[in-house]
Amino acid sequence: MGSDHHHRKLHVMFFPFMAYGHMIPTLDMAKLFSSRGAKSTILTTSLNSKILQKPIDTFKNLNPGLEIDIQIFNFPCVELGLPEGCENVDFFTSNNNDDKNEMIVKFFFSTRFFKDQLEKLLGTTRPDCLIADMFFPWATEAAGKFNVPRLVFHGTGYFSLCAGYCIGVHKPQKRVASSSEPFVIPELPGNIVITEEQIIDGDGESDMGKFMTEVRESEVKSSGVVLNSFYELEHDYADFYKSCVQKRAWHIGPLSVYNRGFEEKAERGKKANIDEAECLKWLDSKKPNSVIYVSFGSVAFFKNEQLFEIAAGLEASGTSFIWVVRKTKDDREEWLPEGFEERVKGKGMIIRGWAPQVLILDHQATGGFVTHCGWNSLLEGVAAGLPMVTWPVGAEQFYNEKLVTQVLRTGVSVGASKHMKVMMGDFISREKVDKAVREVLAGEAAEERRRRAKKLAAMAKAAVEEGGSSFNDLNSFMEEFSS
């Protein structure tokens, strides 16, 4: 009986929050587990399943015999007080309505509707474990009813979790004279300096504050945490996290590195708004390390005045660039200086919508990355060996910036100083954009940063190879939940 059990495939269920920044790494994770012999099931809604199906089909064609599938849950948006077709945070970030923030909070709470469906599925399927997004705190209780271990997937790294923990425990922001006065985060290794304006609002009385308390409590009761990170990137913080915050944690990243082929890299997320081959051909015509790639992820939003400053700053820097803007051609182009595209023709490329990010970052012509410091983007930049210009907007991005600029020392801050609840960026002048872009690409300090970044990229690749830290952590996770 015992030996039969070991021949049975480990069955892992994955339940990502419905946002690209959560679904893409979860898809990578499900592919990784099935490539190591597990059966992976991703739980999502009908509209979101369409985003995942094509990359899953590609993966299955490349790896016949591996098991990965999708289980669809019902999400009646209108009944839940949400607009029709609103099954992904992208719905709000693509349509900048006045009540966007209110609706996003409603969206978070509406996901509780999945609880009964999840319990029904767990009762009939009994997987070996459930890796559910941090934003589904009720999943711990649902899984517990059927003795299914629930793991939390955070979608961020050790550093930001430790920083948030230390600030939550010690509340150093209460002891400074003003919200812009810098302070050192107590207990956190590395003497990390931050301001109150840059930390996540800890208002425990707001709806979102209460929700985040629930998130933390459900993590304490869970069977542990799975992280998209690797030990060498943030070893001090991995050790701190496991000794002070959550004893059971496994790092299995960087997940983007497992996508080896052109097709797999091109199919992460939405269909790109540019032909991938055309984009790579443009990069092929540029010198190594000469192009700056500018992208602020799928959620951050900038007003036209800010986009205008970015355009002017890029033009002033004289650097070749690829700039991803969440705009369509139909938008009146008031956010661009007059004649801008004509003047930068051949030197700059604007992609409106979605870009094949990993393909661009991995290209030898790309020499730097202007990023909002979302964890997925940051890790993709690390894996590509790129120095970064950090421009955090909201969520845990200011913590991630500190990791890049103060710990890894592979980045230059553009000077964003305020955490924005609505993910609308702090205003930065063209002069600051120009200065940061030049600083990250040229000069002696830039070469030092590039050397450090290349070293980290080599460590990232080694971590996922046989015998690497993430390879071994995945092994120990699979052994733990198979027994």
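Cβ from N, Cα, C; glycine included.
Listed in Swiss-Prot for this protein:
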ACT_SITE  HIS22  active site, proton acceptor
ACT_SITE  ASP133  active site, charge relay
BINDING   HIS22, ALA395  anthocyanidin binding site
BINDING   ALA355, GLN357, HIS372, TRP375, ASN376, SER377, GLU380, GLU396, GLN397  UDP-alpha-D-glucose binding site
Greatest C-beta neighbour count within 10 angstroms, which of the binding-site residues ASN376, GLN397: GLN397
Recorded positions near HIS22 (active site, proton acceptor) (Cα-Cα within 10 Å), from ASP133, ASN376, GLU380, ALA395, GLN397: ASP133, ASN376
C-alpha spacing of ALA395 (anthocyanidin binding site) relative to ASN376 (UDP-alpha-D-glucose binding site), in angstrom: 13
Residue pair ALA355 (UDP-alpha-D-glucose binding site), ASP133 (active site, charge relay) - Cα distance, angstrom, rounded: 25
ALA395 (anthocyanidin binding site) and GLU380 (UDP-alpha-D-glucose binding site), Cα-Cα, nearest whole angstrom: 18
Euclidean distance between Cα atoms of the residue listed as 'active site, charge relay' and HIS372 (UDP-alpha-D-glucose binding site), Å: 21
Position of peak Cβ density within 10 Å, selected from the recorded positions HIS22, HIS372: HIS372
Candidate with the highest Cβ count within 10 Å, taken from the recorded positions ASP133, GLU380: GLU380
Pairwise Cα distance for GLN397 (UDP-alpha-D-glucose binding site)/ASP133 (active site, charge relay) [Å, integer]: 18
